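Student: I grabbed these lines from TrEMBL:
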type	residues	note
REGION	B:280-308	region 'Disordered'
TRANSMEM	B:27-47	transmembrane segment
TRANSMEM	B:59-89	transmembrane segment
TRANSMEM	B:101-121	transmembrane segment
TRANSMEM	B:142-165	transmembrane segment
TRANSMEM	B:185-214	transmembrane segment
TRANSMEM	B:226-250	transmembrane segment
TRANSMEM	B:256-275	transmembrane segment
Amino acid sequence: MISTLPRQSPSPQGGGDQPAISLRGAALSFGSRTLWQGLDLDIMPGEFFAVLGPNGSGKTSFLKVLLGLQQLDTGTALIEGRPIARGSRTLGYIPQQKSFPPDTPLRARDLVGLGVDGHRWGVRLRSSAYNARVDGLLRDVGAESYADAPVGLLSGGEQQRLRAAQALATDPAVLLCDEPLLSLDLHHQQAVSSLINRQSHEKNSAVVFVTHEINPVIEYVDRVLYLADGEFRVGTPEEVMTSEVLSDLYNSPVEVLRSNGRIIVVGLPDATTHHHESA
Amino acid sequence: MDLQDVISAVFTFDNYAQLLPLVRNSLIAGAVLGLLGGLIGTFVMMRDLAFAVHGIAELSFAGAAFALLVGANVVAGSLVGSVLAALTLGLMGIRARDRNSIIGVVMPFGLGLGILFLALYEGRAANKFGLLTGQIVSVDDVQLNLLVGCAVVVMIALAAIWRPLTFASADADLAEARGVPVRGLSILFMVLLGVSVALSIQVVGALLVLALLITPAAAALKVTSAPGLVVLLSVTFACVSVVGGILLALGGRIPISPYVTTISFAIYLACRVISSRRSRRGSRRGTAGPAGTEPGRGVRRPASAPVG
C-alpha cells in the first residue's frame with residue numbers, strides 16, 4: 001500500500017485522563033526465555049498503538065496478558081485503572097482471520113450478534129433491541145449487503161469485517177487486534193484498518209494492534225512497541241523505525257528505508273519466517 | 001423367500017388399528033428422542049463431533065451389555081458407559097485431530113468388550129440383538145418415565161447454555177476472550193451428549209445412533225444457515241424419522257431401525273438436492289448482487305458433507 005497521507009498526530013490526551021492501559025515493571029517469560037521485562041507503558045484513550053517484532057518475541061503473549069488469558073511473571077497490568085478481569089466488557093478483541101466451515105449454522109448477523117449477547121446464559125427472549133443493535137453494527141462496518149448470508153460462504157475479508165463489528169458491539173474502551181489483516185487482500189486490509197482507526201481516533205478507544213507488517217496501518221499509528229530478543233523500544237514510528245534502533249535491538253545490522261510513506265526493513269534475522277506466527 | 005415375501009415382511013399393515021394403542025409409549029419415547037436428537041445434533045455438527053458420537057455409542061453398548069450380563073438395569077449401564085466415554089473425550093482430546101485418534105483407539109475396544117459380555121450372556125437372543133439395532137416395541141411406563149425424565153433434564157441444560165455454547169462452538173478463542181468458560185462448557189456438553197447417545201441407543205441401537213444425532217442436523221444445515229430454522233428443521237426431521245419409523249415398523253417383524261435410518265437418509269438426500277439446485281442458481285447468499293467490491297471473489301461451495 002502506498003500512502004502519501006500525512007500521519008495523524010497523536011490524539012490530544014487531556015491532562016487528567018487516566019491511561020486506558022497501564023503496565024508497570026511487567027515481565028513475561030516463555031519457559032526459560034525472557035520475552036520482555038521491565039516494561040513500563042501507558043496507552044492513552046484514543047491512541048493507536050502498534051506492537052511489532054519477529055516471531056516468538058511475545059507480541060501475542062502481550063495481547064493475552066491484556067485479555068487476562070495469561071499472567072505476568074512480575075509487575076502489574078491495569079486496564080482503566082483496574083486489574084485485568086477476563087471477559088471484561090471494556091475489552092474488544094479482533095483475532096487473526098480464520099475461516100468458518102461452509103456449513104456453520106450462522107448468518108453474518110448471527111456472528112455479529114454473538115458479540116452483543118453471546119456470553120449470556122440461556123436463550124434470547126426479547127429480540128427487538130438486539131436486532132436494532134446488530135443492524136447498527138452491520139451498517140457501521142459496511143456489511144449490510146451480506147447480513148443474511150451464511151458466514152461459511154463469505155470471503156476472509158468479509159468475515160474479518162464481521163469480527164470487527166462483533167468486537168465493537170460493546171463499544172470497548174480498549175480494542176485489541178491480533179494480526180487482523182493477515183491473509184486479507186489489499187481492499188479489505190484498507191477497509192478493516194480504517195474501521196479500527198475510526199474506533200481509536202473518532203471514538204477515543206485505545207487500540208493495541210499486533211502486526212508484523214506496519215505499512216498497512218502506518219498512516220494511523222501513533223506509537224510503536226517493538227519487541228525483539230528479550231528487549232523492546234517504545235516510541236513514535238519515526239523514533240523506533242530507524243536503522244540505528246533496530247540494529248541495536250537485533251544485535252545485527254538492520255537497514256530501515258523510507259519510500260513514499262512506506263517503511264522497508266532490510267536484513268531482519270528471521271525475515272523468511274514472517275508468515276509462520278506462533279508465539 | 002421371494003421378493004413378494006420380502007415386501008410383505010417389510011410392509012405389513014394387518015390389524016393396524018388394534019396394534020396402534022399398544023405402541024403409544026413407544027411413540028411418545030420416539031418423539032421425545034427425536035426432539036432431543038434434533039436439538040443436540042446441531043451442536044454436534046458445529047463442534048465436528050460426528051465421529052465422537054459413534055465412539056460414545058460403542059462404549060455405551062459395552063456398558064449396556066455388561067448390565068445385561070450381570071442382570072442390572074440396561075439403560076443405566078448404557079448411561080454409565082456413554083457418559084464415561086464422553087467425559088474421557090471431553091477431558092482428553094481438545095483438538096479434533098487428537099480426539100479422532102483417541103476415538104479410533106477406544107471404539108473397537110469398547111465394541112470388543114460389548115461382544116465379550118454378550119457372548120457370556122445366556123439370556124434371550126433378542127435382547128442382545130436389540131442393543132445393536134434398536135428395540136422400541138415394548139416401552140413400559142417405568143422406562144418411558146426414565147427416558148423422558150433424562151431427556152427433559154438434558155434439554156433444560158442445553159437451553160441454559162445455548163448462547164455461550166453457540167459462541168464457544170463458533171469461535172472458541174473469541175468466546176474465551178469474552179469470558180465464556182469454553183472448557184467447562186465443552187465438558188458439560190460432552191456429558192449431555194453422552195446421556196443423549198445412551199437414550200437414543202434404546203430406540204435405534206448402538207450402530208445407528210448417527211441416524212438420530214447427526215443426519216437430521218446435517219440435512220437441516222444443507223438448506224439453511226439461520227440458526228433458529230436449523231434447529232426447527234433438525235428437530236422436525238429427527239421426529240419424523242423416529243415416529244415415522246415406528247409407525248411403519250408396527251405391523252411387521254423387522255426392527256424399527258432400518259425404517260428410521262431410511263427415512264432419515266431420504267430426508268438428507270432431499271436436502272442435498274435442494275441445496276445443490278440452489279447453489280447452481282447462485283442464490284445461497286441470500287442477496288441478489290455481489291456483496292463487496294472485492295474483485296474476483298466468488299461464492300465458495302461446500303466441498304463435501306462432513307458426515308461420518
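All positions are counted from 1 along the displayed chain.
From the backbone N, Cα and C atoms, a Cβ is placed for every residue, glycine too.
Unlike curated entries, TrEMBL annotations are predicted automatically.
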Student: Using Cβ atoms and a strict cutoff of less than 8 Å, what residues sit near the transmembrane segment (B:27-47) while being 6 or more residues removed from its termini?
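Tutor: Apart from its flanks, the transmembrane segment (B:27-47) reaches 53, 136, 139, 143-144, 147-148, 151, 154-155, 158, 165-166, 169-170, 189, 192-193, 196, 199-200, 202-203, 212-218, 220-221, 227, 230-231, 234-243, 245-247, 306.
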Student: Are there residues at least six beyond either end of the transmembrane segment (B:142-165) with Cβ under 8 Å to its Cβ atoms? List them, or say none.
Tutor: 25, 28-29, 32-33, 35-36, 39-40, 43, 75, 79, 175, 180-181, 185, 188-189, 192, 195-196, 199, 202
Student: Among B:59-89, B:101-121, B:185-214, B:256-275, which stretch has the most Cβ pairs under 8 Å to the transmembrane segment (B:226-250)?
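Tutor: Comparing B:59-89, B:101-121, B:185-214, B:256-275 against the transmembrane segment (B:226-250), the winner is B:256-275.
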Student: Considering only Cβ pairs within less than 8 angstroms, which of the stretches B:59-89, B:101-121, B:256-275 has the most against the transmembrane segment (B:185-214)?
Tutor: B:59-89
Student: For the transmembrane segment (B:256-275), could you work out the same-chain residues 6 or more beyond its ends whose Cβ comes under 8 Å from its Cβ atoms?
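Tutor: 133-134, 136-137, 203-205, 207-208, 211-212, 215-216, 218-220, 222-223, 237-238, 240-242, 244-246, 248-249, 284, 302, 305, 307.
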Student: So which residues does the transmembrane segment (B:59-89) touch in its own chain, when a touch means Cβ under 8 Å and the partner is 6 or more beyond its ends?
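Tutor: For the transmembrane segment (B:59-89), the nonlocal Cβ contacts are 52, 99, 102-103, 106-107, 110-111, 113-115, 117-118, 120-121, 123, 127-128, 131-132, 143, 146-147, 150, 187, 190-191, 193-195, 197-199, 201-202, 206.
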Student: Looking only at residues six or more beyond either end of the transmembrane segment (B:101-121), which have a C-beta under 8 A from one in the stretch?
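Tutor: Sequence-remote neighbours of the transmembrane segment (B:101-121) are 51-52, 54-55, 58-59, 61-62, 64-66, 68-69, 81, 85, 88-89, 92-93, 127-128, 131, 206.
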